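Engineer: Quick one: structure below, then a few questions.
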Amino acid sequence: MDLSFLVLQSLSGFASASSLFVIASGLTLVFGVTRIVNFAHGSFYMLGAYLAVTIVPRLLDLSYSPWTFFLGVLLAALLVGLIGVAVEMLLLRRIYRVPELFQLLATFGVVLIVEDVVLKIWGPVDIAGPRAPSLRHGVEILGQRFPAYELVLIGVGPLVLALLWLVMHRTRFGVLIRAATQDREMVGALGVNQARLFTLTLFLGASLAGLGGALQIPRIPANSHMDLSIITDAFVVTVVGGMGSVPGAFLAALLIGQLQAFGILILPKVTLVLVFALMAVVLVVKPWGLLGRPDSGSGRVVLPEGILTLRRFRPPEAALALLAVAALLAVPLLGDPYTTKVATEILIFALAAFSLQFLVGVGGLVSFGHAAYFGLGAYAAGLLVTGPLKAPMELALLAAPLVAGAGAALFGFFIVRLSGIYLAMLTLAFAQIVYAIGFQWVEVTGGDNGVVGVWPSAWASGRTVYFYLVAALTLSGIVLLRRVIYAPFGYTLRAARDSATRAGAIGLDVRTHRWLGFTLAGAAAGLAGGLYAFQKGSIDPTLAAIPLSIDFLVMVLVGGIQTVMGPLLGAAFFHTLKDVVMPLTEFWRLLLGLAIIATVLVFPRGLAGAADTLRGRARAPATAAASA
Amino acid sequence: MALLDVANLTAAYGQAQVLFGVSLTLGPGEVAALMGRNGAGKSSTLKAVMGLLAPLGGSVVFEGRPVTGWEPYRIARAGLGYVPEERRIFTDLTVFENLEVGRKGATDAGIADGRPPWTPERLFAVFPNLAEMRGRRASAMSGGEQQMLTIARTLMGNPHAVLLDEPSEGLSPLIVEQMAEAVLRMKREGIAVLLSEQNLTFAAAVCDRAYVIEKGTIRFEGTMAALEADEAVREAYLTV
């Protein structure tokens, strides 16, 4: 490893840092002003790449020069900016005052829609872009060749930083953005039309994402997985830098670029883990990122999140619940094997969703990576059974909640030190670590393909018997968690959710309670994951991936975040719907995305909550949120 | 005709109603006080008038235009300025940039009575200590200087009337004196002021009329002199 090699490695680190910064700067600007963590930012990035591979070759046909190449790149970026404007006007401005969780889900709905639209327009095959004229070859640096295009990229980051600095400090628009980042309500009270400010901010932010994507076309072909692969990196950069801080994003991008460039030399298998570990360390030392500041939260009017009234079942409801359980238990006796399979899966997802509701609704801990613990349980069970141990199913099902609980305890130790959006981002980051290990540690986990042959013990291998095993375990899990909600422990968690400082002031140990709650919820999700591994007969990284975490959140949301039992309903409804609709259409992502957005807009309190609202509409005064 | 006419205004934070039919008026160029104890509904009244707290019922009419339920920025552009209680200065911005946020691109209301519009230079003449620190970050200012900046920032919008929330709260006697001077200066400029206040001495020094609010309802309305003379009202609703 000589000097020239290290220099080149560092240069390529700077190049990726530059790209990362261009994308993350847009995300952090949009977050600063709108307070929305925009999942769709990854979609903007992807659209930038697709538009560039469409536009740039045509321009190069007209005139083959580096200028036309970069003109095409800019054009793609501006078009994406206009798409950002449309997204703001159609969706975001309707959800500025709904709780963060709902905003995140709604923007994830946009991600799903854009994925299907991109597949429809550009097809499923990756599209390689042209290389930039005159920049096709290498430049000699210390006796080694370094791609000229990468050198240009290294310059783009600081250039964008400088331009953004000028905009932010030398234009009225920039001054308003900085003011709104701090206190947007006050900016409004001074006569500034927030809607227009937000629209312009989205234009700028989406253009930057589009620019980031368009600049990638000589390096990576446009593909339909770019959105989610970039968004977690962009989240990490903005969170490490401090959300809303452009210079912070620059600093964080440099740090992460170098970490990746050199980390790959030392620990080639775990580059992803390194990045997220950095984020965890930074957030524990500086809970608001390197250059971020505590969120003043002033002027933020939101609907209450979580379970408000905790009443027990009334007699008719208890009878209804018993009836539902009885009907469920009768499924294998009455239904066909397919119905039994679906019912088994619903039970499993119901436990997972219920454990998430325990975190979100009771604990106020919005986890964006609950699939991590589901996945940990599934992998623990699957690897025990298929690995060198050849353990029996019984042992594996015992290990699943234990391993997932241990993982939740480890991650939770860091997570409960944070709050709000930083907490949600850290849960996402830890989930990505689990996903990355499953994906990258091929020798043990089978990588992308996973492991097959995860079958139950002989006595439980029949569909019906396995159904009853699942029913016994998941229903016990749900009943147990429900008891915890109604126990003083659950009351403590709710007190801490409503005001952590006041709960602390009356002597409650908020952190320890949250940590234990997180561990418990993780263990329950792990049990669900273990059961799912045997149900499917295989494990693979999707069991810990973002889309599954989102599915769990949607189940909670659809069921009603303010109800105790709603998530069970949500799981049943969502899984049945997915099972029925998915085979019927090639556009299921689009439909799911639209459904998520519709739920957020029309039923922000879920199915169970909507029924409540209809009953109580007459007496409850309209909340301030209704005026948004 | 009154410049600002508030009638039967009701408002709530979530399920908790805080205003139960507040009615008050503010004449052109007049300085009026909205007095009351902590939690009586002073700040909520100003916020509901400004649109920062969505009114449930009642009406707010400004210069003959019903502005009830409008978004705050439209109310501000109609010529009603707002100075919040907690100052809410943009601490990341310089003094000059704070004033820039207050400047309105296009005001619907126009400038009152052909007076010259407010510019940073004119405001620096009124608030000389701001002039010396125009390039300084607002986070590096003292509390009193920040309070002056909030007023200057609101004046940049050329308001015809200003809602001033607890101007004397938490300030040293010297700064309170400057604050009183600033209010009287606004009055001389023809700007009407409705200020919420607990400090009777301060209110008496600058206000013509007073309202007393308790539990979200107006309990007294009259001249400042009448309030000072009415020991029963002061005893019942103001004395702590």
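Keep in mind that glycine also has a Cβ here, set from the backbone N, Cα and C atoms.
Below are the features listed in TrEMBL for this protein:
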{"type": "TRANSMEM", "residues": "A:6-31", "note": "transmembrane segment"}
{"type": "TRANSMEM", "residues": "A:43-60", "note": "transmembrane segment"}
{"type": "TRANSMEM", "residues": "A:66-92", "note": "transmembrane segment"}
{"type": "TRANSMEM", "residues": "A:104-123", "note": "transmembrane segment"}
{"type": "TRANSMEM", "residues": "A:197-215", "note": "transmembrane segment"}
{"type": "TRANSMEM", "residues": "A:235-257", "note": "transmembrane segment"}
{"type": "TRANSMEM", "residues": "A:264-285", "note": "transmembrane segment"}
{"type": "TRANSMEM", "residues": "A:395-416", "note": "transmembrane segment"}
{"type": "TRANSMEM", "residues": "A:465-485", "note": "transmembrane segment"}
{"type": "TRANSMEM", "residues": "A:515-534", "note": "transmembrane segment"}
{"type": "TRANSMEM", "residues": "A:554-575", "note": "transmembrane segment"}
{"type": "TRANSMEM", "residues": "A:587-607", "note": "transmembrane segment"}
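Surface or core, plus neighbours and distances: that's what I need for these features.
Structural biologist: If you look at the transmembrane segment (A:235-257), the same-chain residues 6 or more away from its ends with a CB under 8 A from one of its CBs are 13-18, 20-21, 23-25, 27-29, 31-32, 37, 157, 161, 164-165, 168, 181, 275-276, 278-279, 282-283, 286, 288-293, 421-422, 425-426, 428-429.
When Cβ-Cβ distances below 8 Å are used as the criterion, the transmembrane segment (A:395-416) is approached by residues 280, 283-284, 365, 372-374, 376-382, 384-385, 423, 426-427, 430, 434, 473, 511, 514-515, 518-527, 529-531, 533-534 of the same chain, each at least six residues removed from its ends.
Outside the transmembrane segment (A:515-534) by six or more residues, the chain places 345, 348-349, 351-352, 354-356, 358-359, 362-363, 365, 367, 370, 372-382, 393, 396-397, 399-405, 407-409, 411-413, 415-416, 454-456, 460, 466, 470, 473-474, 477, 481, 484, 489, 493, 543 with a CB less than 8 A from a CB of the stretch.
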Engineer: Between the transmembrane segment (A:43-60) and the transmembrane segment (A:104-123), do 3 or more CB pairs sit under 8 angstroms, pairs being 6 or more residues apart?
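Structural biologist: Taking Cβ pairs at least 6 residues apart, the transmembrane segment (A:43-60) and the transmembrane segment (A:104-123) are in contact, with 3 or more under 8 Å.
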Engineer: At a Cβ cut-off of 8 Å, and with pairs 6 or more apart in sequence only, do we get at least 3 pairs between the transmembrane segment (A:197-215) and the transmembrane segment (A:264-285), yes or no?
Structural biologist: no
Engineer: Give the nonlocal contacts of the transmembrane segment (A:587-607) in its own chain as ranges (CB under 8 Å, at least six residues past its ends).
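Structural biologist: Long-range Cβ neighbours of the transmembrane segment (A:587-607): 91, 94-95, 98-99, 102-103, 105-106, 108-113, 115-117, 120, 303, 554, 556-563, 566, 569-570, 573, 577-578, 581, 613.
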